[in-house]
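Okay, so here's the structure we're looking at.
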Amino acid sequence: MIAIGLEGSANKLGVGIMLHPEDGSTPQVLANIRHTYVSPPGEGFLPKDTARHHRAWVVKLVKRALREARVSVDDVDCICFTKGPGMGAPLQSVAVAARTLSLLWGKELVGVNHCVGHIEMGRLITGSTNPVVLYVSGGNTQVIAYSSQRYRIFGETLDIAVGNCLDRFARTLHISNDPAPGYNIEQLAKKGKQLVDLPYTVKGMDCSFSGILAAIDGLAASYGLNGKEKEEEEKLVALSDPATSEAVENVKPTRADLCFSLQETIFSMLVEITERAMAHVGSKEVLIVGGVGCNERLQEMMGIMARDRGGSVHATDERFCIDNGIMIAQAGMLAYKTGFRTPLTESTCTQRFRTDGVFVKWRD
């Protein structure tokens with residue numbers, strides 16, 4: 001059985017084609033195509049611009065995916081699309097494309113929860129069985145565990161998502177959005193040496209990122225770190241090296257120091273709430289999914305915690321961590337095989353589609 005998946009909940013448009021062999025063997029990725037709308041440095045992406053991008057590229061990506069997978073329309077069994085959560089305008093653009101293909105090709109629709117798509121793709125790629133899931137992206141921050149055919153949310157952000165915090169700070173520093181602001185912050189953080197004190201807000205298994213963002217934005221403004229004086233910053237980086245200075249703490253922090261401090265603080269918060277969830281459900285596995293899950297420092301910190309508990313951490317690379325169509329095809333096919341269908345009249349989008357709102361019929 002073959003499913004085509006369309007993802008477009010934010011600025012990334014993805015089309016994926018997944019094969020589930022009839023003999024029940026491991027599913028195969030036949031195509032995984034993605035195109036990203038990139039906004040100028042210092043700016044975020046607006047829903048209307050992202051939707052326009054998706055409308056302009058979706059047909060091209062579908063044709064390219066079919067060619068790469070070497071399948072015809074007749075081979076496709078179902079069309080899966082992101083029903084939510086996400087930004088309204090881009091979600092609607094992809095939903096319209098999915099409905100159009102359904103009518104043109106005579107194939108049934110399967111609406112997929114974006115978060116469940118991340119989880120199921122992560123489970124497939126890593127081989128993890130029943131992990132505590134840390135779902136971290138630009139729009140979501142949740143600690144999840146499976147129970148009684150639901151992906152239960154044990155903890156989440158109380159305000160903005162961790163990825164949104166990183167993206168907005170990248171705008172403050174006028175860091176490039178290509179290939180992604182969070183990735184560029186990660187690379188800059190590797191050069192940081194001075195840890196700046198920032199707010200740390202954890203409440204049980206929930207956390208908050210708006211306060212730390214406001215604090216670090218204020219620090220960046222007070223130090224004049226707007227990304228325009230790179231020569232001076234390079235000198236400060238040299239001064240902050242212990243090999244050249246004995247009073248590191250007295251040196252004005254650089255952009256790299258602020259990125260380093262932000263990552264260390266927010267990732268410590270994520271590790272804490274994940275460990276608490278592991279203790280609660282008795283799991284020794286952690287699966288990190290979502291765009292922020294690509295961050296190597298987050299994976300490293302989570303790995304230290306998991307190993308201390310006698311457990312392990314699982315994560316995927318950027319092909320599957322970042323929003324993609326293949327995860328929608330995977331989750332959609334799992335639902336399709338249980339008899340689930342989305343009638344055309346119910347193929348609307350839901351911006352606040354909760355992870356625990358999905359009945360996971362395909363798991364025991």
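Backbone N, Cα and C atoms are what each Cβ position is placed from, and that goes for glycine too.
For TYR135 (divalent metal cation binding site), the number of other Cβ atoms no farther than 10 Å from its own Cβ, over all displayed protein chains, is 26. The annotation divalent metal cation binding site is assigned in Swiss-Prot to HIS114, HIS118, TYR135, ASP323 on the grounds of sequence analysis.
Of all the Cβ atoms in the protein chains shown, 26 others lie within 10 Å of the Cβ of GLY182 (substrate binding site). As annotated by Swiss-Prot, substrate binding site applies to TYR135, VAL136, SER137, GLY138, GLY139, ASP167, GLY182, GLU186, ASN295.
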Among HIS114, HIS118, the most crowded of the binding-site residues [Cβ within 10 Å] = HIS118
Tell me, by DSSP, whether TYR135 (divalent metal cation binding site) is helix, strand or coil?
-> strand
Counting across all protein chains shown, how many other Cβ atoms sit within 10 Å of the Cβ of SER137 (substrate binding site)?
-> 25
DSSP-derived structure type at HIS118 (divalent metal cation binding site), helix or strand or else coil | helix
Just how many other Cβ atoms lie inside 10 Å of the Cβ on ASP323 (divalent metal cation binding site)?
-> 27
Which whole number of Å gives the largest C-alpha distance between any two of TYR135, VAL136, SER137, GLY138, GLY139, ASP167, GLY182, GLU186, ASN295, the residues noted as binding substrate?
-> 18
